[in-house]
Amino acid sequence: MENVKNFVKLFVEYLQIEKNYSQYTIVNYVDSIEEFETFLRVQGINGFEEAAYQDTRIFLTEAYEKGLSRRTISKKISALRSFYKFLMREKLIEENPFQLVHLPKQEKRIPKFLYQKELEELFEVSDISQPAGMRDQALLELLYATGMRVSECCSITINDVDLFMDTVLVHGKGKKQRYIPFGSYAREALKVYMNSGRQCLLMKAKEPHDLLFVNQRGGPLTARGIRHILSGLVQKASSTLHIHPHMLRHTFATHLLNEGADLRSVQELLGHSNLSSTQIYTHVSKEMLRNTYMSHHPRAFKKN
């Protein structure tokens, strides 16, 4: 048991220091590792070093039987493969049981995005007379204006925001940084929040910090906190609207491409290493498809 804890602790330090992964990613990795460790104990296997390839097959079979998606299972495999690769590198174990495990073939899913009308509903519900409402409005505007990941948003500091140049410095995956511009709506919302709302919320903080977005107690706003805020805004805006934080990123990319932005520029803004990751956003909305069809097909309208 002591070995198990030490292995996980060393791996977490590696992810933090060498890989510079976000806390959100690290938590997901640890969850997968702990789930596998629990599985091994149930099987009567005393440690990670005793796991064999056939054990990984049983573990993944159970995951499929639970109804987990291929995407979720792929994430678990990637986390455990990285964990064992690290243990091998450190010479803590002799074999990697996940080395021969293949990732399941992914279903091609079109990312869900918001239509302009749905967005406008969200932008109208924050109570900007209150500090929390100022924060919520700034958060919503910035996420849509930049398309940054929620984990990236949580790490933005006040010094990363340039209200004169209308840009924000984003700290992405693998220690990569990029500047993203934002428009006048985001600028005004940020200005109000930074000059007033944030100061009020910080008065409750136990210790000072320079992170841009803060919670009701003045502490750093987490990814879970952002999900909670967006859920609250959705409930106020519409009972039929379903949204998760990443959907604003999908919407950002979709709207840019629908309005004629080139794929390479969108790739840079999103912080994707590979163009293939951005190409999933080349789908177009049903409205745009219909408008294109009605405007260009010779027999779209019956002539009188």
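Just so you know, glycine gets a Cβ as well, placed from its N, Cα and C.
These numbers come from a predicted model, not from an experiment.
Now, the feature entries from Swiss-Prot:
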ACT_SITE  Arg149  active site
ACT_SITE  Lys173  active site
ACT_SITE  His246  active site
ACT_SITE  Arg249  active site
ACT_SITE  His272  active site
ACT_SITE  Tyr281  active site, O-(3'-phospho-DNA)-tyrosine intermediate
DOMAIN    2-88  domain 'Core-binding (CB)'
DOMAIN    109-294  domain 'Tyr recombinase'
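Where Swiss-Prot records a feature, it is marked here on the structure.
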residue	record	Cβ contacts under 8 Å, 6 or more apart
Arg149	active site	Gly172, His246, Arg249, Gly271
Lys173	active site	Tyr21, Ser22, Gly271
His272	active site	Thr278
Tyr281	active site, O-(3'-phospho-DNA)-tyrosine intermediate	Pro111, His250, Ala253, Thr254, Leu257, Val266
Secondary-structure category, per DSSP, in which Arg249 (active site) falls: helix
Residue among the active-site residues His246, Arg249 whose Cβ has the most other Cβ atoms within 10 Å: Arg249
Arithmetic mean of per-residue pLDDT over the domain 'Tyr recombinase' (109-294): 88
